[in-house]
Each structure stands twice: as structure tokens, then as C-alpha cells.
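Annotated features in TrEMBL:
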type: DOMAIN; residues: 9-123; note: domain 'Tetrahydrofolate dehydrogenase/cyclohydrolase catalytic'
type: DOMAIN; residues: 142-288; note: domain 'Tetrahydrofolate dehydrogenase/cyclohydrolase NAD(P)-binding'
type: BINDING; residues: GLY168, ARG169, SER170, ILE234; note: NADP(+) binding site
Amino acid sequence: MTQPFGRVIDGKAVAAELRRDVARDVAELVASGCQPGLAVILMGIDPASQVYVRNKAKQTREVGMASFEHRLPATARQTELLSLVQQLNNDPAVHGILVQLPLPGHIDERIVLRAIDPAKDVDGFHPLNAGLLAGGGGGLVPCTPLGSMILLRSVRPGLRGAHAVVLGRSNIVGKPIAQLLLAADCTVTVAHSKTERLPDICRQADFLIAAIGRPEMIQGDWIKAGAIVIDVGINRVPTVDGKTRLVGDVAFEDARQRAFAITPVPGGVGPMTIACLLRNTLQAARSQSGGSILSSAGKSLP
Ligand SMILES: NC(=O)C1=CN([C@@H]2O[C@H](COP(=O)(O)OP(=O)(O)OC[C@H]3O[C@@H](n4cnc5c(N)ncnc54)[C@H](OP(=O)(O)O)[C@@H]3O)[C@@H](O)[C@H]2O)C=CC1
Ligand SMILES: Nc1nc(=O)c2c([nH]1)NC[C@@H]1CN(c3ccc(C(=O)N[C@@H](CCC(=O)O)C(=O)O)cc3)C=[N+]21
């Protein structure tokens, strides 16, 4: 019998399934003469970023795509980074470009993200793609928001009319998630650091999407009974034995007692982010091997 409460959403399993689907479609595309290629630029030696970049490269190859890795020293000049982006924009073997964030302080992130060809912008951070998303779809959709929606739909296929509360309003997570929920006919509240009476707002949420980067800040009694909780936060915290562990923005065990379903950290949204990156690269390769950015890429939103 299925439990009425406290279901843990298995992001690892859903991500593995998505990667299998991507791998099958990649094989078809390769057979027709186009191997999708993903290029990742890593500037500096942030240890966490290095782990992500390594995982991405491994999973890219596993689904049959070509993986290109470019490393620049943290001290490289912005013009050097921009000319690398330009070179990748012009490289027909590269269908997707990801510049790992955050960038060192002397680099203007906005200028770099705008330099990426929107058709190759598999992160979905270019203003053209952000604008298409705000207009209801048609471009490349940011990976973490896409993955969050797929997990939400894995437990509740019909989202219409529900009250979704998004905590966080960043351009890369909170805002695009809010757009996707709106496109799915949810009633959306976006909260942030200046929001008053945050616990009360959270208690109204049928779907609570947490993307604030504050370890376990969201308490169990902020969760409405029967809500679905998507915890996007990834926070590394010290443990008593001097090591570190990953926790989300939600106090998982307490929230689980009240939620209908909840994503864990690790093993929730994180693995979906990489799987969606591969999905976006596949879409980008398809539209570049015939058709425009508006043809196959993200025609229907999740
Ligand atoms: N699972 C994954 O694959 C990914 C996970 N992440 C994780 O998601 C989290 C958010 O990332 P990101 O959007 O880049 O972070 P940002 O720091 O860019 O944005 C954080 C947002 O949370 C809001 N916020 C901060 N503190 C509070 C608070 N006390 N109460 C209410 N709102 C608050 C901020 O408000 P304001 O705008 O007012 O400053 C801001 O809008 C992080 O933990 C990050 O590690 C990020 C990317 C991918
Ligand atoms: N241009 C750009 N695009 C990004 O999408 C991007 C970025 N920059 N900078 C950093 C953040 C963070 N991010 C994660 C991806 C996967 C996991 C992931 O797979 N996490 C595993 C755990 C991994 C671990 O153990 O460290 C999990 O949650 O289960 C986490 C975080 C993508 N980001």
C-alpha cells in the first residue's frame, strides 16, 4: 500500500530514466550523421565546481555525446573568456555551451552569458531564452527549473489551480521556476529575503519550491499538510566529526512528516539538473542540424 504522507521523490531514479531516453535519441541522431557535443568552460579551481564539471563530462559521454572541457586560470582576462566563447559559437561540433558559474569577481557575468549563441545556450541563461520563457516557451529552459518541474509532475501530473510558493528569485533558479509554474496554470507566489511573514506564506503552499541557499531554514511546521516540497537548495555544512555533508533548504525529516512528497538532498533536484542539461544539448543539436531554435527546442514547457 502506498503511504499517504512522506513519500521521498527519487531524483536519482528519475534522472537515470531521463538519461536513458536522451541516450536513445542521441543514438538516432548519431546514426543520421550528427553527434551532439557539449562544451563546458571552467574558470578557476573552485573544488565544488570541479566535481560538477567532472560529473557532467562523465554523464555526457555515457549518453553518447561528445564532451569538450576548457579550463582557464582564475586570473584570465575577460577578453580571453569571450574569445573562447566565440570560438565555441563557431565550432560545428559544439551544440551546447555551458560556462560554469560563479565566475571570478573581475568578470562581468552578464556580458559573458550574452556572448553565448542563444541556440547553444543549454543553460537557458541568455536574455533571448529568458524572454522566450517569459513569453510562454520556445527557447532553451534552464536545467534546474526544468528538473524541478519534472520531479513535481512525477508525483502530481496535473498542476492546474494549485498554489505554488517559490522561495528565491534568482535569474537562474527562482524566476524561471516561477515562469514554468505559471505556464502550468498554478497560482504563483514568489518570496525572497525581504518577504514578510514568510512562514505564513509557506503554510499556504500546495507546492513549496525552496531555492534560497539557507541550510534547513524551512521548518517542518511551515509545511501545509499534504504539500509537495521540492528542495533545490544545496548547502555544504560541517558535521561533528570535522567532515562536511550536503543539506537542502528544508528541515527534511520534520517536513517529511507533513508533506505528501518531498525531494531529498542529495539525490533530488541535483541529478535532474545534469540530466536536463543533456536533454537541452540534445534539443540544441536537433535544432542546429536542421530547423531553427524555435522549432524543436522546448516547444512545450514541462
Ligand atoms: N540543485 C541544483 O542543481 C542547483 C541548486 N542550486 C542551489 O539553489 C540555491 C539557490 O541558488 P541561487 O538561486 O543560485 O541563489 P542566489 O543566492 O542567487 O539567490 C537566493 C535567493 O534566495 C533569497 N533568499 C536568501 N535568503 C533568504 C531568506 N532568509 N529568506 C527568504 N529568501 C531568501 C534571495 O533573496 P534576494 O533576492 O532578496 O536576495 C534570493 O532571491 C542554493 O542553495 C544553490 O546551491 C543552484 C543551482 C543548481
Ligand atoms: N552555468 C552553470 N550551470 C549550472 O547548472 C550550475 C552552475 N553553473 N554552477 C553551479 C550550479 C550547481 N549545480 C549542480 C548540479 C548538479 C548537482 C548534483 O548532481 N548534486 C548531487 C550531489 C553531488 C555532490 O555529492 O556533491 C545531488 O544533489 O544529489 C548539484 C549542483 C549546477 N550549477
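Don't overthink the numbers, they just go from 1 along the chain as shown.
Glycine is treated like the rest: Cβ placed from N, Cα and C.
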Cβ-Cβ neighbours of GLY168 (NADP(+) binding site) (radius 10 Å): 23
Taken over the domain 'Tetrahydrofolate dehydrogenase/cyclohydrolase NAD(P)-binding' (142-288), the model's mean pLDDT: 97
Number of other Cβ atoms within 10 Å of the Cβ of ARG169 (NADP(+) binding site) across all protein chains: 18
Cβ contacts of ILE234 (NADP(+) binding site) (under 8 Å, same chain, 6 or more positions away): GLY213, LEU246, GLY248, VAL265, PRO266, GLY270
Same chain, 6+ residues apart, C-beta under 8 Å of the C-beta of SER170 (NADP(+) binding site), given in sequence order: ALA211
Distance-selected binding-site residues near ligand 2 (C-beta under 6 Å), from GLY168, ARG169, SER170, ILE234: ILE234
Among GLY168, ARG169, SER170, ILE234, the record's NADP(+) binders - longest CA distance, Å: 16
In three-state DSSP terms, the structure that GLY168 (NADP(+) binding site) belongs to: coil
